[in-house]
Amino acid sequence: MVDLGLLTDDQLKAKLLQYGVKAGPILASTRFLYEKKLKRLLDSSAQHKINGTADAGLYSDSEEEDDEEQDSDEEQDSESEQLLSETKPRTETSKTASRDLTRLDKDTMTSKSLCLTSPSSRQKQTIREPASDVLSEMFPDAERTPTGIFATKRRSIKGAAGRPVQFKYPELPLLSPTILERQEIQQRLVPLWVQVIVFLMVVCLLYIIYSCMDEQLSSPFTALLDGLHESALTCISSFTGA
Amino acid sequence: MSSTSQKHKDFVAEPMGEKSVMALAGIGEVLGKRLEEKGFDKAYVVLGQFLVLRKDEELFREWLKDTCGANTKQQGDCYSCLREWCDSFL
């Protein structure tokens with residue numbers, strides 16, 4: 001490993017930036033701390049590497065055999081997405097560390113990737129399966145759409161247009177004050193017929209009084225009216241006589 | 001989290017001026033002496049170090065531990081004290 005003590009301040013700062021650490025001024029009082037921090041980051045990323053994570057898998061794609069070349073092209077894109085989604089829950093430093101490390105690895109360790117192809121391909125598969133199956137596990141009944149977007153119908157809101165509360169709650173007696181008023185009015189409607197009959201009788205009487213007048217209208221209806229008038233008069237005379 | 005001590009409240013209440021490093025929360029006589037030996041005789045010098053480390057908690061705690069041997073609690077007290085002071089006065 002590179003001796004951190006031999007790095008210049010700028011180099012140390014640049015290295016820390018590679019790991020996503022925005023270092024302050026590298027002074028006499030701070031230098032030691034930053035060296036320690038960088039050392040810790042290097043050790044942790046080395047741990048990452050040794051455990052054979054998918055990071056190595058990314059770069060073994062380029063060294064893979066012909067059989068897996070076709071698959072690797074497809075897998076690379078999905079893998080990078082997975083990696084991004086997987087690394088999201090991890091802390092920022094480790095995420096950038098792994099990404100940066102892979103960049104370093106690509107430059108320096110192409111031979112190493114050959115050794116790692118077999119475990120990485122296995123790991124690749126295992127990593128791939130859970131990521132793609134998550135959605136299908138969650139929604140086993142859903143059909144696959146071309147865009148991968150699933151839209152489900154929203155539950156209807158109670159009391160919205162077309163779904164009034166009445167239908168939602170049919171068991172309620174629905175004794176609202178307006179309904180009670182209407183019932184009261186209906187009770188009053190019964191004598192309304194009596195009122196109509198009385199009104200008609202009054203109209204008839206008025207007709208008779210009008211016909212008693214001397215004026216006579218020359219219209220075709222007068223004959224009819226005269227006939228009615230005579231019949232009404234006879235009725236009244238019979239009633240008054242009896 | 002944990003309640004702040006009287007020392008913390010006193011320190012955070014006003015500009016530190018020329019207060020001694022022992023006025024910092026978490027820094028007692030022993031730690032204060034060690035800091036003074038290293039050249040951090042005033043609170044503002046420790047503040048300077050805190051600011052140079054860009055107010056980073058992890059680095060400042062580590063620095064405190066390395067410089068004067070503060071334990072976790074003392075580190076935390078000092079860090080929160082300085083951070084609050086900076087929030088109010090910086």
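Residue numbers in this text run from 1 along the chain shown.
Here the Cβ of each residue, glycine as well, is placed from N, Cα and C on the backbone.
As recorded in Swiss-Prot, the features of this protein are as follows:
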MOD_RES   B:S2  phosphoserine
MOD_RES   B:S3  phosphoserine
MOD_RES   B:T4  phosphothreonine
MOD_RES   B:S5  phosphoserine
Number of Cβ atoms other than its own within 10 Å, given for the residue listed as 'phosphothreonine': 15
For B:S5 (phosphoserine): intrachain residues, at least 6 apart, with Cβ closer than 8 Å: B:A25, B:D77
Neighbourhood of B:S3 (phosphoserine) by C-beta distance under 8 A, where only residues 6 or more apart in the same chain count: none
